[in-house]
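Feature annotation from TrEMBL assigns active site, 4-aspartylphosphate intermediate to ASP398. Annotated Mg(2+) binding site per TrEMBL: ASP398, THR400, ASP826, ASP830, in sequence order. Taken from TrEMBL, the feature ATP binding site applies to ASP398, LYS399, THR400, GLU538, PHE585, LYS609, ARG638, THR718, GLY719, ASP720, ARG800, LYS806, ASN829, ASP830. Residues annotated as domain 'P-type ATPase N-terminal' in TrEMBL: 56-112. The transmembrane segment annotation in TrEMBL covers 74-97, 109-128, 313-332, 887-907, 913-935, 965-988, 994-1018.
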Amino acid sequence: MDDATSQNSAATPMTRENIPLLNRQRNRWYLFSCWRKWFRPRELRARTVNLGRVNTEKFPPNEIRNQKYNFITFLPLVLFEQFRFFLNLYFLLMALSQFIPDIRIGYPYTYWGPLGFVLMVTICREAVDDLRRHQRDHEVNSQKYKRLSSTNISGYEMVPSSKLKVGDVIIVEKNERVPADLILLRTSDRSGSVFVRTDQLDGETDWKPRLAVPYTQKLSRDSELHSIDASFYVEKPQNDIHSFIATFCMADGSEDTGLSVENTLWANTVVAAGTATGIVIYTGCETRSVMNNSQPRSKVGLLDMEINGLTKVLFCAVLGLSLVMMMLKGFGGPWYRYMFRFVLLFSYIIPISLRVNLDMGKAFYSWQMQNDSNIQGTVVRSTTIPEELGRISYVLTDKTGTLTQNEMVFKKIHLGIVSHDADTFHHIGQMIQKLSGNILQQQQGSLSSSSSGGDSTKPMMFGNRMRRPEGWREWEAVRALALCHNVTPVSDDEDNRSVSTASTVTGGNNSPTKSVINIEAPGSTDTEHQYQAASPDEIALVKWTEQVGLTLIARDLNTMTLQVKTPSEDNDILLHYQILQLFPFTSESKRMGIIVRESKTGQITFYLKGADVVMSSIVQYNDWLSEESGNMAREGLRTLVVAKKVLTEEQYSDFETRYNAARLSITDRVAKVAAVTESLERELELLCLTGVEDRLQENVRPTLELLRNAGVRVWMLTGDKLETACCIAKSSQLIGRNQGLHVLRSVKTRTDAHQELNSFRRKQGHALVISGESLEVCLQYYRPEFLELATASPAVVCCRCSPTQKAQVVALIQKHTGKRTCAVGDGGNDVSMIQQADAGVGIEGREGRQASLAGDFSIPQFSHIAKLLLIHGRRSYKRSAALSQFVIHRGLIITTLQAVFSAVFYLSSVALYQGFLMVGYSTLYTMFPVFSLVLDQDITSETAVTYPELYKDLSKGRSLSYKTFFIWVLISIYQGGVIMYGALILFVDEFIHIVAISFSALIMTELIMGLSPCVLGIG
């Protein structure tokens, strides 16, 4: 600014008129900027949560709110949602027009009555549903929890869930729901572990272990948590429930600990055993459970879309008929008034009761499905699309837990030079019993060496390659299976059952060492062990090791105890192991590992097991793994490769240092931890290859045969390996025994895809098998060609599919063919596929209820899908098609009567029927035909199953089409014309006679139509 300007500014007083433009602009938009600041979405960011200090930062309240409305917004929002539909908006305009005297026809309640009834039913239903949601929210938000308090005499105070804030330290008792996302600080178990149930979060029913922060677990009581000065640096809120990155730091720098998902308790999980104390890190809308509550797409049935299209045709017919009447009458005078009066007179051609009648029918169809004794356990979660089950052309199903029972049975183990199955498993048990003497001597020798100051870290004598006795291969394999897992033995009655160990070593020559375990149960001396794990495969492996003589009897955070069966039942041996590191299984790594230290010898061993695809490059060179893995897969077995590596103290110490440093990293922690772990996974000794069988569900074969005969193509989408998927497809007869098979095994380039597709094109009638990797390549370069070939194939098996790929396949079939799809699954990885399909069917199985809750329909087993489609789906579609045609016919015939009446009486715009006659016609007088059509059955259930070919025609939509619609238009015109002209001939001299004769004939016609369902196309 120059001097002249400065002088002018100083001399001129500041008034409203000469305020600088910049300031005026700021004031003008001040309120708008405040509004944007108040209502803009909150930015998610990482945070520091203090322990022992006040947290001043503001976070969302810990309230669960599933209500759609409040007292003010209820009526406006409900009405807005209803008048988004063309039918309701159309009749609202017609009803409002009755307030205009010049175009009023008859009594207003003839229009407002039906519209008000429909709206009242909807408003009451929404009010009841929202009130229930409010009650559920209130119950959850008012549930009280113990919050640690330094001012309260008892040390804690009871507060409702909605009052919890970030930084609060709360106590969650056994069987209590976790109210917010927590970091676990202390548990009632000395090891710092606690089990949680996550079925309401990820759908998995198995218990999962969680670990407390080591530093806080060491505190003697919860009250000491307020006396420490520490903080947690946690990542920003996200929806991934399987990963978490945080760091625990003491203010004085004496402790820095990296935390992962194992140290968390997510909201809506349940503490299964013990007591947990945790600090709140995320509340309300920032918790994992709320952020994962994505709204599934709103599904609209094909029948509803077809009816909506017919409604628009009827609306055009109303306008066309009104225009014709005006052309005949002439456009002189206030023609627009007469035009609108004709539109009102013919408005009944669009029946407002159509939606009410269809919804009533759908509710009844759903009730029938749930109460069918032949498919007990069926639940209908979406009552708006039962007709979709009658139009299915493609069924896409998961394998594990859907076609199979997800009940694993250990079937085979291969040791490289010898293979054992169920017939020879007892030989392994005998070998282990023989080796028990060596184990006992080795333990005694280790203890004697330790007591005399010798080296206690000497390996077991048959672990040395120079001194391996008979059976060492079996022993090493069984021990690896008994140690490398995440299984925990559990007891149903922990209070009345005790586990005690007694290890006695005496120095006499005739005094053997005894390691005895006594498991005492009330009323029984023999105890059947029960196990909990995240995977049924692991439980099958541990149960098998128990069968051959090596039992897992105890496990906590840091230790594991095995019991070795000896020839003398009262002299069983205990082996104690210290758990040094545990590497859980992930879908990315496809393997899990554990590092343990044998307590007596001090030997450190790294065990690893996983899929043959990843393990083949980790283990030492061998010439049998690939071949035997393929053989087991062809037998339908799920395979696991088991290997080990003995570590020295120096090797483990170096690994532990690098591993802990990677876990403390804030950036790229997952990648750094994986890199350190992979440095250990080199040149492992291959121990064995195991095969576990997943048995087929009951009646899978006849169910697939019925679907095939009904014209439904079945696709299997699974994450399992190609050989196993092919074997299950053949054993279930998804692929016929004599049917050709084309396998797209390894398609990696565009040239590979081109060659494979050309080869498959020449194989008519062959089933297709493709991996997820090959599928990506084919879709990338030849999507239309691949979909054309695949959709024409009698059966398709997609293996190694991710959940995203499953949903993608469903969407591609829908888009390419335009046919209706049905997805069937039982696990959390099937939810996306189920939600994408036109009809999603969830099976409540061993993997939890997530798929069951996400599905439109829920069934207990796959075999019910045939009756669900062939009987209930077929009936629902046939009935709804007939019902909709009857209701449309009901409107067409009365409109025809009105049109003939107006044409005969000099094109007058006078209503033929008024008042209660019109209201009663669409409700009371014609209610019998509606009930008749909803309850009618064209064939019995037995016939529908015996002749599944009857289902084929439904996919073509012939029961309700433009062809049948125009046929009914002609029928309605014919019936309406005959009734009206007959009434004109019979009437004497009064108008009331025309009304009485024509209306009586009209009602009789409709009742006769109801008594003859075959006329409507359902017989």
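Cβ atoms are placed via backbone N, Cα and C, with glycine included.
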Winner by Cβ contact number (other Cβ atoms within 10 Å) across the binding-site residues ARG638, ARG800: ARG638
ASP826 (Mg(2+) binding site): tally of other CB atoms within 10 A of its CB: 34
By Cα-Cα distance, the member of recorded positions ASP398, ARG638, GLY719, ARG800 nearest ASP830 (Mg(2+) binding site): ASP398
Overall pLDDT of the domain 'P-type ATPase N-terminal' (56-112), taken as the mean: 82
Secondary-structure category, per DSSP, in which THR400 (Mg(2+) binding site) falls: coil
Sparsest Cβ surroundings (other CB atoms within 10 Å) among the recorded positions ASP398, THR400, GLY719, ASP830: GLY719
Entries of PHE585, ARG638, GLY719, ARG800, ASP826 which, being binding-site residues, have CA atoms within 10 angstroms of the residue listed as 'active site, 4-aspartylphosphate intermediate': GLY719, ASP826
Residues satisfying Cβ distance under 8 Å from ASN829 (ATP binding site), sequence separation of at least 6: ASP398, GLY719, SER802, PRO803, LYS806
Inter-residue C-alpha distance, PHE585 (ATP binding site) and THR400 (Mg(2+) binding site) (nearest angstrom): 18
Protein Cβ atoms within 10 Å of PHE585 (ATP binding site), excluding its own: 19
ARG800 (ATP binding site) to THR400 (Mg(2+) binding site) - Cα separation in whole Å: 12
Secondary structure content of the domain 'P-type ATPase N-terminal' (56-112), with strand meaning DSSP E or B: 30 helix, 0 strand, 27 coil
Alpha-carbon distance [ARG638 (ATP binding site); THR400 (Mg(2+) binding site)] in Å: 10
Local backbone state of ASP830 (Mg(2+) binding site), from DSSP in three classes: helix
DSSP-derived structure type at ARG638 (ATP binding site), helix or strand or else coil: strand
Length of the line joining the Cα atoms of ASP826 (Mg(2+) binding site) and ARG638 (ATP binding site), in Å: 18
